Structures are given as C-alpha cells and as structure tokens.
Amino acid sequence: MLIGSHVSPTDPLAAAEAEGADVVQIFLGNPQSWKAPKPRDDAAALKAATLPIYVHAPYLINLASANNRVRIPSRKILQETCAAAADIGAAAVIVHGGHVADDNDIDKGFQRWRKALDRLETEVPVYLENTAGGDHAMARRFDTIARLWDVIGDTGIGFCLDTCHTWAAGEALTDAVDRIKAITGRIDLVHCNDSRDEAGSGRDRHANLGSGQIDPDLLVAAVKAAGAPVICETADQGRKDDIAFLRERTGS
C-alpha cells in the first residue's frame with residue numbers, strides 16, 4: 001500500500017523524500033483562483049519520476065452550479081488542470097462534488113456534472129471526492145453520491161474517499177468503504193485525515209492522526225478496507241508521523 005501526503009508544489013520529489021512518502025498530492029496553482037496552472041520547469045523530471053503524483057483541482061470548481069459565471073469557469077479550469085496534470089505525468093486529478101442552490105435543483109446538478117465530464121478531454125483520470133458539508137451538496141451524503149453515480153458512473157470517473165469529510169458529513173466510518181464500493185464499485189484514493197470537530201458537524205477541519213475526534217483504529221480500518229493509495233492532508237508538523245503511523249499499522 002502506498003502511503004504519502006499532500007505537499008508543497010515547490011519541489012514534490014524533495015518533499016516526498018523528507019516525509020518518507022511513497023506518493024504525494026499537490027496543487028498546480030492557487031486553489032482559490034480561476035487562473036490556469038503555469039507550465040512547470042520541472043515537468044519532465046516529475047513525469048520521469050517513479051513517485052506517483054496526484055493533483056488536487058482548485059476548490060472553486062463547482063460543476064453542478066446553475067450559475068454560468070461559476071459553472072463555465074469550473075469546466076474551463078478543470079480542463080486546464082487536467083492538461084497541466086498530464087504534462088507532469090500525474091496519476092489522477094481529484095475534484096470536489098460541488099453543490100446546487102436548493103433541493104429542487106439537485107437532479108439538474110447531476111446532469112450538469114454529466115455534461116462537464118462528457119465535454120472533458122483528458123489523458124489523466126479524474127476522481128470525485130466526497131465532501132464535508134453543504135445542505136445541497138452533490139457528494140456529502142452517500143445516498144446523494146449514489147444518485148450522482150447513477151448519472152456519471154459510466155464515464156470512467158474514479159472515487160476518492162476522504163475520512164474527515166465522511167465523519168463531518170455524519171456518515172459512519174465503520175462501514176463507509178463497503179457502502180461506497182457498493183455505490184461506485186471502486187475507491188481509487190483515500191484522503192486519510194482526522195477531524196478537529198464532532199461527527200456530523202459539516203466542518204472540513206483536518207487534524208493529524210490521533211489528535212482529533214476520530215478513533216485512529218477507525219482510520220486504520222478504513223485505509224485497510226479501501227486498499228488504495230493513501231494521502232494524508234494534515235498539518236506539516238506531525239505529517240511525517242502520520243505516514244509512519246499508517247505504515248506501521250497497515251504493515252505497508
């Protein structure tokens with residue numbers, strides 16, 4: 001099992017070595033900006049490296065939105081992110097599910113997701129990540145994910161399970177992996193994060209493993225059950241220990 005972390009994009013290879021990571025995740029630009037990622041001077045070196053690199057798409061992306069001023073730029077920046085990810089030989093691009101304005105728009109939100117994926121041209125796989133909060137989110141509640149997957153599941157999209165988001169959404173971690181696999185047939189990546197807040201809070205505040213509200217045994221069990229590469233999106237201080245903890249507990 002590959003275990004690693006979300007690191008600074010400045011020098012992912014050096015960061016991986018410093019943290020003892022088998023795999024890393026990076027942003028290719030400002031995650032709060034609509035600006036396209038800039039070409040990287042080290043693109044060839046990253047592409048040639050044996051280290052798997054995942055790319056997290058900008059947080060602003062909302063493919064489900066009815067607002068053209070959000071949805072159209074979302075499609076554009078996802079396309080640009082996928083192209084930039086291909087330039088560095090990335091393993092996949094991870095994108096959040098987004099949301100709609102009210103319950104009456106949820107089914108249309110699913111269809112907007114479908115249109116976005118049908119129009120997307122990418123050499124790199126795209127993974128949908130479950131999210132922590134939002135009353136009208138596409139990927140917070142597992143029952144909503146199931147409805148979304150009925151619409152987009154045959155596009156080849158993958159799935160990234162975030163443990164903190166699952167906890168914050170009020171979904172039980174004890175059988176989360178089994179339930180998601182029953183919906184999607186796959187888990188391609190795990191974001192293994194503790195949570196600073198109580199279950200069902202809707203708050204996306206990560207904590208280092210063992211320092212938050214989630215029983216570390218639950219995190220280990222989820223990672224083992226998923227059987228996918230793992231990224232710790234935790235604070236710099238303590239993240240190396242998070243990797244070592246998971247490696248020891250999973251025998252990886």
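Here the Cβ of each residue, glycine as well, is placed from N, Cα and C on the backbone.
According to Swiss-Prot, the protein carries these features:
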type: BINDING; residues: His56, His96, Glu129; note: Zn(2+) 1 binding site
type: BINDING; residues: Glu129, Asp162, His191, Glu233; note: Zn(2+) 2 binding site
type: BINDING; residues: His165, Asp204, His206; note: Zn(2+) 3 binding site
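The Cβ of His56 (Zn(2+) 1 binding site) lies under 8 Å from the Cβ of His6, Gln25, Ile26, Phe27, Pro31, Val93, Ile94, each of which sits 6+ residues away along the same chain. Each of the binding-site residues Asp162, Glu233 was scored by the other Cβ atoms within 10 Å of its Cβ; the lowest score goes to Glu233.
The two recorded residues His96 (Zn(2+) 1 binding site) and His206 (Zn(2+) 3 binding site) have their Cα atoms spaced 16 Å from each other. Between the alpha carbons (Cα) of His165 (Zn(2+) 3 binding site) and Glu129 (Zn(2+) 1 binding site) lies a span of roughly 9 Å.
Look at His165 (Zn(2+) 3 binding site): DSSP puts it in a helix.
For the pair formed by His206 (Zn(2+) 3 binding site) and Glu129 (Zn(2+) 1 binding site), distance between Cα atoms is given as 15 Å, rounded to the nearest Å.
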